[in-house]
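Heads up: the structure comes next, in structure tokens.
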């Protein structure tokens, strides 16, 4: 009878197995303890908790509940129903647990989000019973290790100690853990130590590379997978690879993946098909994306439609995007939040502010709540067109819906009011935050906004306030401050701020040095500006042009010639260095040099763009 019950469960006939047990029980046929694990599994599969509790009562009555195998199945059943206390109670009644039971407890707590409890339980049984973990224990602990890297490192040490660190399941969990903690180098070391890698292992590594924005290694690892593994990539693999192609704008590799998808008969898979059309859209080949979309007819879902609409908007194909939006109902779909957001964000980024607001209002009429991204996108559009009134309307919606404390929304509001020339309104929004954010982004928006509106002292006061709140400034913070110094001519302050970056372990970049060079040049300290120029790791054309302009203003021929030469090397087709240097020579009445420059421009076939005026007639 036990064999018949187990066969029914193994073959998926859970209802029949429970019916057979009820019949036997009603006829007072004895059932041994080896049968109950199969019945408890049937209860879990059918989501029949009351039946499982009845079985538990029967087990207690017959004394089988102390059997280790039955207790393990009971514990597993209660975890699947998220009855944590009942599972723990069953476990506590076992005087001599084994590793299998420990694994059920550890994985049960981890899978239900109780990582701390799973680790505590493991430590307890390890000290009380001296049970050693196996690969399943380690993998279960790692799968929930998301709160503390120290715990993850300790588990890695346990894996190394018992010799399972290269086990495929353990190593895959380690790769995922290190990737989640932004340690892709360590994840890569673990991955390289794995022998006989399977598709799951490759997918974990590829996903980790992708989330850490290491796009090129995704393609290299994929090629390695094809060359050295007998494992065929699956849809999840292709999703990572096509996403990397999208970010790299690597159309050539993406089309090769398309050919492979056809070969493996996966091109009509909705997951890979959607990723494929998304890749073509982001590479600017919307015609090919649309062809893929049409070939997915019959299997595409709402995500596929949203990706196609977003792709059309991304490529400026507004009419096609609107047509697709109107055709959603033809396949029984209704626009969801993501669909509306595709339209709103698309119009905003294309500068079609009126249309984005129109779709925003239509969305609200349907009762669909806009995403934070849509709200910030609309606010950005208001800022770019100085849409103060429209921005206030969005602000009103934000307050009515209680999202006026969201950091992203507040930052967008601050930026909008600053760009609309309303710094006092921006300050009210910022000051309304009872707890000031520890992220420097919103502080940077306030600093740069004050600088843009000419309120220089307020910008520096905001920086001082930021430091008092123990908010650590980032590279962008100092860029904002140096920009304020540049526009206000504060030379000494800019040098002080540049030195201050080292106190926060920040290395100045080209933009930081460029602002300092600009303010030094415009104040006539040309030699100091040239000294700073030598410290820049990569000189940009704008920095050279700035110093060239300062050389002209202060009639510094030597520096002007030097900057012009560097600009020509950087951009041989630019007329700027010739025109400005010619003006410097003319001021010095060096007419021969002026003629030589004009001759050089003729030889290079460079023409100065004529000046023009524009008059708006109303």
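Start at 1 and count along the chain as shown; that gives each residue its number.
Including glycine, each Cβ sits where the backbone N, Cα and C put it.
Keep in mind it's a predicted model, so treat the numbers as computed, not measured.
The annotation repeat 'PPR' is assigned in TrEMBL to 301-335, 336-370, 439-473, 474-508.
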For the repeat 'PPR' (474-508), residues assigned helix / strand / coil by DSSP: 28 helix, 0 strand, 7 coil
Same-chain residue ranges lying at least 6 outside the repeat 'PPR' (474-508) that approach it to Cβ under 8 Å: 440-441, 443-444, 447-448, 450-451, 456, 459-460, 463, 466, 515-516, 518-520, 522-523, 525, 535
Local confidence of the prediction over the repeat 'PPR' (336-370), expressed as mean pLDDT: 88
The repeat 'PPR' (336-370), counted residue by residue under DSSP: helix, strand, coil: 27 helix, 0 strand, 8 coil
